[in-house]
Amino acid sequence: MALSSLLRSAATSAAAPRVELYPSSSYNHSQVTSSLGFSHSLTSSRFSGAAVSTGKYNAKRVQPIKATATEAPPAVHRSRSSGKTKVGINGFGRIGRLVLRIATFRDDIEVVAVNDPFIDAKYMAYMFKYDSTHGNYKGTINVIDDSTLEINGKQVKVVSKRDPAEIPWADLGAEYVVESSGVFTTVGQASSHLKGGAKKVIISAPSADAPMFVVGVNEKTYLPNMDIVSNASCTTNCLAPLAKVVHEEFGILEGLMTTVHATTATQKTVDGPSMKDWRGGRGASQNIIPSSTGAAKAVGKVLPELNGKLTGMAFRVPTPNVSVVDLTCRLEKDASYEDVKAAIKFASEGPLRGILGYTEEDVVSNDFLGDSRSSIFDANAGIGLSKSFMKLVSWYDNEWGYSNRVLDLIEHMALVAASR
């Protein structure tokens, strides 16, 4: 079941245009035509009406769009008319709050309840309304009582339970639960939500044992009997669409990824104890901190053909939001950097529009604040050393983009359920 809707909304927008993903196949050496519409030819020297340097790839003609950091995809009609998908949120941290904020601008999803044992309704309203990174909430929010918020005229119930099994999701009307506490990240732990009547749980973090999905890459492998799923990490959501396009067109033999990642809540404001990661205990605003990440290896879980071919690391830097992936890879097929750019641009305008972006502008990190796409390829930041070895650079709003994908995955799951 294809994903019917991908939200493209900025932090200041009240509109929610949507796009549709088209089917795409796995990389296959014997393919004549790839999932992106490229046909391999020994004689053609045209790409979408424009010459490319090697003359090896011929793409279907597409209508070009302006390649900017915040280009919005076109709106399409929803394919489901069974009402809004009812969602509950467990954990009102960065992702929980942004998932709720974005959901209020969507016409396909309604958040009906939020659980957080450490935040009461008044403080919840304050944290939701004011955001140092994404700005003040543009809608209305009121506290009705200790257990009820009113957001844009609609009520959201507030619960304060430490044990997920005690949250009465069914009574609250929530069928899908976003597990964004950062605590219950395994199937066994997240399954506690099912005891309260939730039908499905979406973990907003990597999971050791839950099926992992990246919208635009492998969400079509989701099955209705999967009750607990993971939306992977923000970095995997950035890297996987990029790797998918490059691997399907040219083949990736091996690659090393570095993410230059904005500060997150797990870091220290000043030097402090961090027994598992000594460097991670150093002051976040004072240092560039090398760190480990499983994001690159996780790509092998959503793209099995890349399993064991990618690994990587992170540098935590003193910026509040927006991160960037640097993928240095060796290709199986000879291709110039211009060829790779052309393939990514084509995908960004068609099969992966709204997920993968493309820009040739001289952008910096703040230009992607509030960008809902998972990955925006920076054509002028990368470089090729040879026809099989190159560095690719792609930006992502690690908060806003990721939170959009959480909701997109939920809606895809709801569409699959509705089609049965």
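Each residue, glycine too, has its Cβ placed from N, Cα and C.
Annotation comment: Swiss-Prot describes Cys234 as active site, nucleophile, evidence class sequence analysis. What Swiss-Prot records for Arg94, Ile95, Asp116, Arg162, Asn398 is NAD(+) binding site, and it gives similarity to another entry as the kind of evidence. Annotation source Swiss-Prot lists D-glyceraldehyde 3-phosphate binding site at Ser233, Cys234, Thr235, Thr264, Thr293, Gly294, Arg316. Annotated site 'Activates thiol group during catalysis' per Swiss-Prot: His261, in sequence order, evidence recorded as similarity to another entry. According to Swiss-Prot, the feature transit peptide maps to 1-66.
A map of Swiss-Prot features onto the structure.
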residue	record	contacts (Cβ under 8 Å, 6+ apart)
Ile95	NAD(+) binding site	Val178, Ser180, Ser204, Glu399, Tyr402, Ser403, Val406
Asp116	NAD(+) binding site	Asn90, Gly91, Phe92, Gly96, Met124, Ser160, Ser181
Arg162	NAD(+) binding site	Pro117
Ser233	D-glyceraldehyde 3-phosphate binding site	Ala205, Pro206, Thr293, Gly294, Ala295, Ala298, Tyr402
Thr235	D-glyceraldehyde 3-phosphate binding site	Thr259, His261, Thr293, Ala295, Ala314, Ser323, Val325, Tyr396, Asn398
Thr264	D-glyceraldehyde 3-phosphate binding site	Arg94, Arg316, Asn398
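Those same-chain residues not listed among Ser233, Cys234, Thr235, Thr264, Thr293, Gly294, Arg316 yet with C-beta within 8 angstroms of the centroid of the D-glyceraldehyde 3-phosphate site C-beta atoms are Thr259, His261, Ala295, Ala314, Ser323, Asn398. Residues Arg94, Ile95, Asp116, Arg162, Asn398, recorded as contacting NAD(+), have a largest CA-CA distance of 27 Å. The maximal spread of the D-glyceraldehyde 3-phosphate binding site, taken as the longest Cα to Cα distance among Ser233, Cys234, Thr235, Thr264, Thr293, Gly294, Arg316, is 16 Å. Taking the binding-site residues Thr293, Asn398 in turn and counting surrounding C-beta atoms within 10 angstroms, the largest count is reached at Asn398. When Cβ atoms from all protein chains are considered, those within 10 Å of Gly294 (D-glyceraldehyde 3-phosphate binding site) total 17, not counting its own.
Classification of Thr293 (D-glyceraldehyde 3-phosphate binding site) by DSSP places it in coil, neither helical nor stranded. When other Cβ atoms within 10 Å of the Cβ of Cys234 (active site, nucleophile) are tallied across all protein chains shown, the result is 27.
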